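Asks: As annotated in TrEMBL:
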COMPBIAS  17-34  compositional bias 'Low complexity'
DOMAIN    61-447  domain 'RCC1-like'
REGION    1-48  region 'Disordered'
REPEAT    60-112  repeat 'RCC1'
REPEAT    113-162  repeat 'RCC1'
REPEAT    163-217  repeat 'RCC1'
REPEAT    218-270  repeat 'RCC1'
REPEAT    271-326  repeat 'RCC1'
REPEAT    327-397  repeat 'RCC1'
REPEAT    398-451  repeat 'RCC1'
Amino acid sequence: MAEPMDMSPVQKRARHTLSTQTSTLSSQSSQSSLPSAGRMSRQASSIQEAAVPTLPETPGHVFVFGTGDTGQLGLSDEMLIRKRPMPLKVLDDEDIVDIVCGAMHTIAITREGKLWSWGCNDQGALGRSGEEYEPEKVENLDTEHIVKVACGDSVTIALNDEGKLFCWGTFRSAEGALGFSQEQDVQKTPAIFEPLANETIVDIAAGADHCVALTNDGRVYTWGNGQQYQLGRRIIERRKKNALTPETIRLRNIKAIGAGAYHSFALNDQNELYVWGFNNFQQCGLWTDDNQSPPDQTMPTIITTLEGQVKQVAAGEHHSLVLMEDGHVYAFGRADSSQLGFPSSLIQKLTEDQNANGDTTRSGFKRAIGIPTRIPNLENINSIASGSNHAIALTNDGVAYTWGFGETSALGNGSDEDEELPCRLTGQKLEGFKVLRIAGGAQHSAIVASNTL
């Protein structure tokens, strides 16, 4: 994969996605930057040990929509595009309770903690051999109860109910294949992740080609490709494979984590939201009062312009979303394909600044918003998810809304046009269903919904 430095409009075959994470934290009012990354002793953290998460209790039916030319819809190789939500009937009897999208693959989790996968398996992301265009069980996990999964472009990680991490697939760099570890190119089936085998992991996240893991005592490990600083530590280019070995970054008392394609988040017990990594479209949300957007963030830095209690963070290729406890959603980053859910008039206003001479200049020449800004008319939201360049929000009443890049039909609204405002997800097949879980990939989306009839 080429290093994502271009400023061109979003293309149909984008291969980046993110897994979302939750928290009950908010940010502090003053910006600060941490010292250089490095290992931190366990004694440095005073946080009460966190518990391994549990699976959602209510099972439902899987619906998919978007473009599935690498099998990510799971509807067979004869159904490659669905512009409206389509049930994946082969999983109807499997008691699916959660769904996760990678760039071009999808993972479903059953109530018993078993995994089903489908989509692109070029680099082992499915964790099994066999059919790509239809769901099949992930291998080597028969005795495990998986409670959480995170997917990147070609890597998948899974957490079991004992806090142990399983990983498979591989990572890529700007120059091409990077590897699964320093000794191994690709891991084709799930295996215990030995570097963290002695840790109790309570949260996981994945970007395009990097992973983040949170321990029960509040420490954060990162590994994978670090060329865009998404690992929160400097990487020596000629030794970039060293980054395939997890290391802690200098953060403490962390309660939740998240990852965009090339940037990462951490929330601590003092209500501080940290961000680091690629900032080419202001996706780190660090725009300052003097109209300056800082460069790529090599170290974790606090976002200071958020007010209120943060509930969840979700991010895509070059944009970020933050859900607050009051049910409102704030967005920042790239906006040229309606990723932020703002009307054009608001984007125009936010990207025009008055210079010292009173002349209007466009600080946002890349159509990017660097200050977290509330999405208008989006209320009572319970959870959010992000694809590469589109987003999904779920209300307390089980209604889903989508917006953003529309060419791949990942919005599920029957159109291939971009949708600048959140639009309710509907469809004949979805009538009588309440949406429970949401997920977005590079070209597709997936939901779990229960029948209310």
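Any Cβ shown, glycine's included, is placed from N, Cα and C.
TrEMBL: automatically predicted annotations, no manual curation.
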Asks: Would the repeat 'RCC1' (60-112) count as touching the repeat 'RCC1' (271-326), if touching means at least three Cβ pairs under 8 Å and pairs must be 6 or more apart in sequence?
Replies: no
Asks: Please average pLDDT over the repeat 'RCC1' (271-326) for the predicted structure.
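Replies: Average per-residue pLDDT within the repeat 'RCC1' (271-326): 90.
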Asks: How does the repeat 'RCC1' (327-397) divide up by DSSP, counting helix, then strand, then coil residues?
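Replies: For the repeat 'RCC1' (327-397), the helix, strand and coil counts are 7 helix, 31 strand, 33 coil.
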